[in-house]
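The heme c 1 binding site annotation in TrEMBL covers 52, 55, 56. Summarising the annotation, TrEMBL assigns heme c 2 binding site to 199, 202, 203. Per TrEMBL, heme c 3 binding site is recorded for 334, 337, 338. TrEMBL lists 38-141, 184-297, 321-411 with the feature domain 'Cytochrome c'. For 1-22, the entry in TrEMBL reads signal peptide.
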Ligand code: HEC
Ligand code: HEC
Ligand code: HEC
């Protein structure tokens, strides 16, 4: 089949100049063009599902020209140019070269890519989709001449050949295969979540060699929540407090399409996923993703009973905040938006009562969002009208620890307190990253 395509490609390259010269063949030429256009368009959609732009397009940079810095445990690397420029991009890649880079993490010249490129997930992408993606990157993206930047990783850690062994240990080759006994929607959802969507690259905890500790639902840690670069990517299993157990199928679809629902809203690393990827999903694909995620059995959590709303104790503290340091900060800085009742104005303004992010054991996301705020959720081209302001310049570490401890205990949330040292650590790492 590959051989045939290659042969077909070669034949087309030879044939095209003749077609251009022979008006009698014009109908054939435009029919080919139309077919290619459909393929390019499908590739563009798949590139959105794969969120290639989130990494390969730097803020204010040209589409897919690379340059974005990425922090890895070994040091900083820079995302590469994947426009079809022949010299600095992937213009010289054949479809087979492209497939190898995408699914096996090997560049055209044979060097191993760092797994910051989520090829362990893209390994599941099938041949038809690779073909469409290739057509898009060759014919739907403008070539940009922009040289790639060397990583800041120092010798000997910058040697790439050990990645060969990493791949031997952790890369599961072979496209996704439908699981028997599951329906079409479930299998489509599994294909998207495990493959192009690479949801696990953020949401699955990593092992000692920084590998995802499970690549599909056969491993119980799959999508059970993980800390990455200062954000805790939530538990997406059916766990009823910190996971999606209390979310209906519709809640989940609404979140993926609009970045917010009655339980929570997108912030931190999830914002660009919503902006560039999931909001573009067709209704059918978003339903498939939801079907699959809602089928994941509960993992993690604290063993506490399912959350029930109870505002009584919190209302008492907020009526007399003088004796409670956290309540004092909350009344002064948070209450006019998030409310005495902790409901906010969902979905526009996130609730804090019962929000899985607030209940999560790891408080990193809460600290990070309180320090640095949110602001760039863009749905259908319209930026969110009520971003959350950052409080890094207004509140000190102790005040942030106090208010978050208050929020985590409030409205029957029952989550553990936050310490000032944790806040200091994130303040330093997130400010240094700017
Ligand atoms: C999470 C970030 C991330 C996402 C998402 C991502 N990439 Fe990458 N990609 C990288 C990084 C980083 C590199 C360079 C790695 C290195 O230098 O070792 C890379 C390298 C590549 C390369 C090799 C090119 C070269 O010469 O280095 C190709 C091809 C590629 N990506 C295609 C894609 C496509 C297609 C998508 C979407 C389906 C995509 N990438 C999504 C981070 C990402
Ligand atoms: C670049 C990292 C990253 C990727 C990739 C990613 N997420 Fe997330 N996601 C996060 C972070 C961080 C959060 C926590 C902040 C928030 O709630 O928005 C989150 C939150 C969520 C939430 C809200 C959960 C809650 O309890 O509030 C859902 C649902 C979700 N992600 C689904 C997905 C799906 C589906 C995919 C794959 C298509 C995906 N994510 C890919 C980082 C990521
Ligand atoms: C001007 C209104 C406003 C104020 C003041 C405000 N917030 Fe927010 N907050 C928001 C909005 C809007 C969001 C959702 C933003 C998004 O996801 O894009 C949010 C989100 C959050 C979240 C993440 C929950 C989620 O699922 O999105 C936390 C935690 C939070 N706020 C805590 C606080 C704390 C603590 C304070 C006081 C120190 C505070 N907020 C003050 C508007 C506000």
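Each residue, glycine too, has its Cβ placed from N, Cα and C.
One way to see the shell of the heme c 1 site is to take the Cβ centroid of 52, 55, 56; the remaining same-chain residues with a Cβ within 8 Å of it are 51, 53, 54, 57, 64, 66, 79, 82.
Among the binding-site residues 52, 56, 334, 337, the residues whose Cβ sits under 6 Å from any atom of ligand 3 are 334, 337. 52 are the binding-site residues among 52, 202, 203, 334 whose C-beta comes within less than 6 Å of an atom of ligand 1, given in sequence order.
Considering only the binding-site residues 52, 55, 202, residue 337 (heme c 3 binding site) has 202 as its nearest partner by CA-CA distance. Using a 10 Å radius centred on the Cβ of residue 199 (heme c 2 binding site) and all shown protein chains, the other Cβ atoms total 25.
Residues 199, 202, taken from the binding-site residues 52, 55, 199, 202, 334, 338, are distinguished by a CB atom under 6 angstroms from ligand 2.
Rounded to a whole value, the Cα-Cα separation of residue 203 (heme c 2 binding site) and residue 334 (heme c 3 binding site) is 28 Å. Cβ neighbours of residue 202 (heme c 2 binding site) (same chain, under 8 Å, six or more residues apart in sequence): 226, 228, 231, 233, 269. Confidence annotation: the domain 'Cytochrome c' (321-411) carries a mean pLDDT of 95 in the model. Between the C-alpha atoms of residue 55 (heme c 1 binding site) and residue 199 (heme c 2 binding site), the distance comes to 14 Å. Geometry remark: residue 199 (heme c 2 binding site) versus residue 338 (heme c 3 binding site), CA distance 29 Å.
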